[in-house]
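Working notes for the structure below.
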Amino acid sequence: EGNEYLVRKNVERLSLSEMNSLIHAFRRMQKDKSSDGFEAIASFHALPPLCPSPTAKHRHACCLHGMATFPHWHRLYVVQFEQALHRHGATVGVPYWDWTRPISKIPDFIASEKYSDPFTKIEVYNPFNHGHISFISEDTTTKREVSEYLFEHPVLGKQTWLFDNIALALEQTDYCDFEIQLEIVHNAIHSWIGGKEEHSLNHLHYAAYDPIFYLHHSNVDRLWVIWQELQKLRGLNAYESHCALELMKVPLKPFSFGAPYNLNDLTTKLSKPEDMFRYKDNFHYEYDILDINSMSINQIESSYIRHQKDHDRVFAGFLLSGFGSSAYATFEICIEGGECHEGSHFAVLGGSTEMPWAFDRLYKIEITDVLSDMHLAFDSAFTIKTKIVAQNGTELPASILPEATVIRIPPSKQDADIDIPLNHIRRNVESLDERDIQNLMAALTRVKKDESDHGFQTIASYHGSTLCPSPEEPKYACCLHGMPVFPHWHRVYLLHFEDSMRRHGSSVATPYWDWTQPGTKLPRLLADSDYYDAWTDNVTENPFLRGYITSEDTYTVRDVKPELFEIGGGEGSTLYQQVLLMLEQEDYCDFEVQFEVVHNSIHYLVGGHQKYAMSSLVYSSFDPIFYVHHSMVDRLWAIWQALQEHRHLPFDKAYCALEQLSFPMKPFVWESNPNLHTRAASTPQHLFDYNKLGYKYDDLEFHGMNIDQLENAIHKTQNKDRVFASFLLFGIKTSADVHLKLCKDETCEDAGVVFVLGGDNEMPWPFDRTYKMDITNVLHKMHIPLEDLYVHGSTIHLEVKIESVDGKVLDSSSLPVPSMIYVPAKEFTKEIEKEAVRGTIIRKNVNSLTPSDIKELRDAMAKVQADTSDNGYQKIASYHGIPLSCHYENGTAYACCQHGMVTFPNWHRLLTKQMEDALVAKGSHVGIPYWDWTTTFANLPVLVTEEKDNSFHHAHIDVANTDTTRSPRAQLFDDPEKGDKSFFYRQIALALEQTDFCDFEIQFEIGHNAIHSWVGGSSPYGMSTLHYTSYDPLFYLHHSNTDRIWSVWQALQKYRGLPYNTANCEINKLVKPLKPFNLDTNPNAVTKAHSTGATSFDYHKLGYDYDNLNFHGMTIPELEEHLKEIQHEDRVFAGFLLRTIGQSADVNFDVCTKDGECTFGGTFCILGGEHEMFWAFDRPFKYDITTSLKHLRLDAHDDFDIKVTIKGIDGHVLSNKYLSPPTVFLAPAKTTH
């Protein structure tokens, strides 16, 4: 296979003959003046310009920067260069210069001025040292000004800037997030090699004329390949993008021009970005090795990226766009008082002929360590001061970049739960229906027939066969027993089996057998002798009944002990009590010992004294019951984890045996493991969160008790004095049952059995703490008072008999003599949870107001409108727009209301509260009612439409000397879709679905805008104008509902276990004062005290509450389930990057096929005005266009257009320059991990 591809090798690992072929091929290529020569191909990048077409009057550079197709264009470009080089005699692909590792110098291959041919001994100039730019002059060559940044050698334990930032790029799981991080890091090499030299790598116009460009971009492309391999390891798509879909079918120029400009038929034919993903198949090259800093793909993910994600991190975010020049940006972190510390830096590559570009998401650079050194928290008050210097040394105005934002990414364990599809939910084996049983049996039959490494024999051999420490020198079995990582090894092992079952057609996750429940026989799945296979129309042996052991040419057997059904059997039974004692433990390693030994009991009770059975460490995994047993075992660990979380104790980490948790487990980590999923999950410390492994359990109840009830049951057992037999266990090279007797004098009673699972090839193990068996009931049965245990010379003692699995009685001294431990009763005081103090004012649905409520509100509003003080209507309404009361540093006045920014919800929460408190001061006993416009309505609320004696009908605008008016549009009432298909419902449901506050805010705000536009219509003094909207009393009912929607989202976040009273994005903006609420002129002490975004999340502290937080009749848990159901379908979104346009407008768009057939795509509104505060979102507003595409019979990846029309509220059509072209991205159905 290797002969079919050109191999790109590390430039430092080229052989003499390979270097020789590259040098001479490139010399020939530089002399070639045709379209296949070096300078012709170098011109593809920028100058002389060829785009948009060679004959266009105004041309620009063809290279794509600052957009999602940057990697695609440059992948094709390196192929263009590589194949030309190959045609000129090169025997290998374009070598790559790996700058991700610490370097001391630029490789000689590209730095030396001369090259001495090792075969002819003739010295010639090194063509890779520089390039000629003949279109300027014959004497013009590229220059280099190498920066010391390139030769960074970090202190021990730290990595270089380049490595850290590439690792951050590789961490991303969304292609467009990866792309922006990759591109900006790549820019640094351009900057650090070219410096201030004009004809250099640091100038977009001339970069491609320096031969180092191609070695640099070979490495950039290799990093993309590494990311693709990581995506495959993660189980995510590596060969297509789900974002920027509109760009993926646009041919890349000038490659698509063909002859005479491009003489390469392959790059002409395969010139669409979508062709670039499968580089080996389409372009026939590969890399010698895919590593970073000597870390393999698996190690990058498991040992580095996951480790980084386990930490709380803070980033500065920059929304970048082109400004016609290369530049270097540095920034400082500054606190009040002027003290500043160096933050970090990044580069932009540009030139005057560059194609216009703007990213639609933030470039992130980590500042965690800087803040830590400054003793600052992520939400401390600090500013980021950015300095931008152009390539020629000119300092550019800081305003060329939007203000940097601060983002916090909490440790990954705090991420949202992964939505697990039904076929990844492990259920009780007794709850399976006939179809489930048939499916599992058919899948296991196929797994058993599979003789590959995905088949049963290989999987079963992982447990007990002699494979470790390496297949080359096998000494013992790989399974981990008798050590703290026993649960982790078996968690990933069961996952490995389950993945194979799914690969062979199983649509049912591995069920669990709850052996603590009463029973008289094994479950049907495990015990039926045969089953009917509907596919083959045959009656076949039940594959779960036994397993074949190829190496022994025999089948597994079972010797089920009657005690299995005697010691199980519900509350009071031995297994129940043993599991309860296990779950009682609060230290992970204490839990693990109890857990493992209880699990051993089932191996013994099913396998008995048989060799090829569950009771043998070597052969237990060949009996399929093993996997159903271990599904229950893993579930018990999950229950303990839930208990620990309930106790506010560590549940996703251990503070013991730390040395074992960081080492990848064998054989899963080996390259011979064909399952990339389990290979990536082979490190114990990453296995605590089973949701991230792609499965969960139907429930975590134990004998009908939820976690809270289970904890109470544990407390009941702890409320009594107890005595335990304590065993210090270690490996004895065999499976054995240890029979315990409690004796007084010569009288003895059976006290229980401890089973040890082992074998002659077991990995050596000793527990470092004891296994405890409760013998309190035996003492009571023998009428031995607990006090007698303390009597000197007492004859109370323990005796053991040890019987190996083959029936031999072992010397009782094979294990240390157990001791007795007395544990006194614990007392528990039940904590009484205090409910959050409810606000004194309740906001009701406007349609549920009583006549007395309505009268009270109208009377109070009339009094507020008559009040000319700072707490009167005119003053409060002016907070939003005109008269202008906020000022820039230069004195220019602007409207204080915050729109198009993260604090929009917070600012309007305070304004609504300000008006509400004014109403309360004038006699209202109810809060501002909310108008729920997400439900179907045919008219505006009666509260605001009755004309007679109604202060809510309109209000006077003193500053304009006129009254407010409304001009509702037809679409406000005439939505043809109802219920969960209606316009407002769909917009708000999409907002509520978001789990990041900034994602929610954008969807939420733009959804709210439509009410402003459609109620106010063309009225200049109404809801549709930012300047005067707050003078219409309806504004406050609208914003009461808007605030309630935010409150619903907050309740959803709380239910999801995610931040709800804080945000992890744009943190620096959330700590800034919200004017004018913070000013001394504000008479409201409550809004003044909460006049930042950060302090206004908790609305209970503002003294109000809602009558309920239901959404369309759904409670918060029901709403969350409904939102998840919505996500179970593929959806396609148009993304609009919105910013200030200085007026209110409606945006309508159609989706059109390339043949011109169009259908309505959607509509949304922008609320603005001449005096609005400047704003720009840092991420796209998403609009679902799935239905529109279905109407046109289009798929997300098809070629289509989105035609946008922007209309001002006065009906005039506005220029499309106000909006960037929309992007398209796919949100795949959440049905697979």
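Cβ from N, Cα, C; glycine included.
Per Swiss-Prot, region 'ODD' is recorded for 1-4. The region 'ODE' annotation in Swiss-Prot covers 5-422. The Cu cation A binding site annotation in Swiss-Prot covers His45, His65, His74, His463, His481, His490, His880, His899, His908. Look at Swiss-Prot and you will find His186, His190, His217, His599, His603, His630, His1008, His1012, His1039 tagged as Cu cation B binding site, backed by similarity to another entry. Per Swiss-Prot, N-linked glycosylation site is recorded for Asn392, Asn538, Asn890. The region 'ODF' annotation in Swiss-Prot covers 423-839. The region 'ODG' annotation in Swiss-Prot covers 840-1233.
Feature annotations (Swiss-Prot) mapped to structure.
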{"residue": "His45", "record": "Cu cation A binding site", "contacts (Cβ under 8 Å, 6+ apart)": "Ala61, Cys62, Cys63, Tyr77, Leu204, Ala207, Ala208, Phe213"}
{"residue": "His74", "record": "Cu cation A binding site", "contacts (Cβ under 8 Å, 6+ apart)": "Cys63, Leu64, His217, Val220, Asp221"}
{"residue": "His186", "record": "Cu cation B binding site", "contacts (Cβ under 8 Å, 6+ apart)": "His216, His217, Val220"}
{"residue": "Asn392", "record": "N-linked glycosylation site", "contacts (Cβ under 8 Å, 6+ apart)": "Lys196, Glu198, Ser325"}
{"residue": "His481", "record": "Cu cation A binding site", "contacts (Cβ under 8 Å, 6+ apart)": "Glu596, Leu617, Gly731, Leu757, Gly758, Glu762, Met763, Trp765"}
{"residue": "His880", "record": "Cu cation A binding site", "contacts (Cβ under 8 Å, 6+ apart)": "Ala895, Cys896, Cys897, Leu911, Leu1026, Thr1029, Ser1030"}
{"residue": "Asn890", "record": "N-linked glycosylation site", "contacts (Cβ under 8 Å, 6+ apart)": "none"}
{"residue": "His1008", "record": "Cu cation B binding site", "contacts (Cβ under 8 Å, 6+ apart)": "His1038, Thr1042, Ile1045"}
{"residue": "His1039", "record": "Cu cation B binding site", "contacts (Cβ under 8 Å, 6+ apart)": "His908, Leu911, Thr912"}
Residue with minimal Cβ packing [other Cβ atoms within 10 Å] among the binding-site residues His217, His908
His217
Check each residue in the chain of His603 (Cu cation B binding site) that is at least six apart in sequence and keep those whose C-beta is under 8 Å from its C-beta; list them in sequence order.
Met614, Ser615, Ser620, His629, Ser735, Phe755, Leu757
Overall pLDDT of the region 'ODD' (1-4), taken as the mean:
51
Any idea what DSSP makes of His1039 (Cu cation B binding site), helix, strand or coil?
helix
Assigned conformation of Asn890 (N-linked glycosylation site) - DSSP reduced to three states
coil
So for Asn538 (N-linked glycosylation site), how many other CB atoms are inside 10 Å of its CB?
10
